[in-house]
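Read the structure below first, then the notes.
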Amino acid sequence: MELDEESFLDELMSLRRDGSAPWQAPPYPGGGGGGGGGGMMMSDLLFYGGDGGSAEARGGMDASPFQELASMAAPPPQHPHEEFNFDCLSEVCNPYRSCGAQLVPSEAASQTQTQLTPLRDAMVAEEETSGDKALLHGGGGSSSPTFMFGGGAGESSEMMAGIRGVGGGVHPRSKLHGTPSKNLMAERRRRKRLNDRLSMLRSIVPKISKMDRTSILGDTIDYVKELTERIKTLEEEIGVTPEELDLLNTMKDSSSGNNNEMLVRNSTKFDVENRGSGNTRIEICCPANPGVLLSTVSALEVLGLEIEQCVVSCFSDFGMQASCLQEDGKRQVVSTDEIKQTLFRSAGYGGRCL
């Protein structure tokens, strides 16, 4: 015989209509009555109907009808942590509904994981899709929320760690780490180049009214126009065309080479001055040939002249100014012309110095 809610209530109401003596039994210990003489209420019957130790708790009440109902019902729950189930749509608690098959916590955790696996896969796929879209559009790090689902303690922590790992692995370099983007670095380099060129332009143009970019560019344009007008004015004053100016520049460049050769030839100089008492002043200017200084000093030693003071320059040409004194025991008379010819030959020139 199976009992459901309706048959159970009908059986209880039929017993109440009979008005038998057991309904007036003494109250159970710890009853709700203040004076201890009240009868058993319907709530007491419902909550104590499935208790294994109800005979002692009711204090000797004749419970033969209830024992029959308890014998026909299923045994009480085996786990002490399980409680009675309540139906939110029912007015009466059914203590026997919880006596059915219950799931062990490990089985419940595995069932929860099985149910949440499709949802987690869907979330991972959606996260990857959103990450790809963000990379295509140049977005930053992912801002998707992290959810934690119910179930076993170990399963929930593993699932939460897995979801966080998926969410954080799409964009390893986020804006939270302070790493600037490539567009920002390129913009900074562009602005730096622009500022450097504006500073260079500002240093070239003599007339700058203000220091902002617009004024610098405007003053530069006006200065270029002014230079163009000045060039036209000078061309009109000279009376030559630009083609003629180019021809003149070409002729000037070709003639400059000959002038340089003439300057080199005319720059050779050998001066010897006798100041008396064996003191001689020498001044030499010639092209800087290799070994010209050593050959000049050797020639002066051969002539018996001792250098007391000397200044040598080798920038473009070889130049030497020296003050010499006649050595003791040498020839007493050495003419200036002889000194000049000796220095001329020591510098690498043949013939005589005119």
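Glycine too: its Cβ is placed from the backbone N, Cα and C atoms.
Record note: among 24-43, 64-83, 124-143, 124-143 is the stretch given as region 'Disordered' by Swiss-Prot.
Feature annotation (Swiss-Prot): of 108-121, 178-191, 332-345, the stretch labelled region 'Basic motif' is 178-191. Look at the region 'Helix-loop-helix motif' (192-227): DSSP puts its residues at 28 helix, 0 strand, 8 coil.
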